[in-house]
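Below is one structure. I have some questions about it.
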Amino acid sequence: MTTTKRAFLQGIRDSLPFIVVVAPFAMLFGVVATEAGLSPLQTFGFSVAVIAGAAQFAAVQLMADNAPVLIIVATALAVNLRMAMYSASIAPYLRGVPFWQRAFMSYMLVDQSYAQGLLKYETEPDLTPSARVAYFFGTMMLNMPLWYGGTLVGALLGNRIPQDYALDFAVPITFLALVGPMLKTAAHVAAAFTSVLLTLVLAFLPYNLGLMVAALVAMMVGAQVELMVERRRA
Amino acid sequence: MSMSDVQIWTVIVLVAIGTFLIRFSFIGLIGDRDLPPWVLRHLRYTPVAVLPGLVAPLVLWPEATGGNPDLPRLMAAAVTVLLGVMFKNLLLAIFGGGATLFVMLQVMAG
């Protein structure tokens, strides 16, 4: 077996544990999106075009609130801004990878392919560029179709799920579950706290502008706290 | 929701293009030049700056209760965050929070 093929299969194998998360998360998106008023085709199209769970949930939430298109787009993209950091940190490992493959990798750059890929590249610095690409594709080979398929299944079943399951709270719980593990440092906690406090205080602003302001200030607070902690250590 | 099909597709297409450009930024466009540290420092906090703010009003003023704070939802939110912080496990946090909500709604109803 070639090293490229082996890397591809290894990527698939290492991604197996994530299947447990992706399938229900995808179905939940299908249910929530159709409940908000999207057609199954729109829901499915959203997942295929974007593959970014948190941002899709955020957009659908705002759609249900009838927020203006620009605000919805801006919020969803703000949720995805972290991926610029992923892109920056993985780029040095992709020297010598053809342009079209880089484009495909970009489309598939999600939290888990990034985390898994980077870990692999760091622990095995001698991998060839083609093996790196193969491994990365491997990590998404099952998860990508699962995300599409799960979304569609959720969208088609959506109407048949009874109302009294308090599904309104599925999105908050999913987001909070994502945030919990991210609260690694004082800076992260400070940013999260600022975000909550300011959105609530600014809730009177139209078009969810309060959230945008709160997010910007929270990013600055996080960065400043990080600097303060670093300085104290030095 | 009162959005038209055109508006919905517009959101989908714009988010898709924007998200691709964000992902493609360094991998495809800027290459492997380093970002200034202050930019990285801010980007590091985007998820924790956006997600909690997005959720806070939904937790405190849920639409399902006519915008009134409600104990089952508050407790479910607290349990979800606590489990996530303590065990760093997404699934555990989701199911823990969901179970809390379910049990509390039953208790309050009965």
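Each position is counted from 1, following the chain as shown.
Each Cβ is built from the backbone N, Cα and C atoms, and glycine gets one as well.
Please treat TrEMBL annotations as automatic predictions, because they have not gone through curation.
The structure displayed is predicted, hence computed values, not measured ones.
Just lifted these from TrEMBL, have a look:
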type	residues	note
TRANSMEM	B:6-31	transmembrane segment
TRANSMEM	B:43-62	transmembrane segment
TRANSMEM	B:74-105	transmembrane segment
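Each of these features: where is it, how hidden is it, and who are its neighbours?
Listed by sequence, the residues of this chain that lie at least six past the ends of the transmembrane segment (B:6-31) yet keep a Cβ under 8 A from its Cβ atoms amount to none.
Among residues of the same chain six or more beyond the transmembrane segment (B:43-62), those with a C-beta under 8 A of the stretch's C-beta atoms are 35, 68-70, 73-74, 77.
Long-range contacts of the transmembrane segment (B:74-105) within the same chain, counting only residues at least 6 positions beyond its ends with a Cβ under 8 Å from a Cβ of the stretch, are 55, 59-60.
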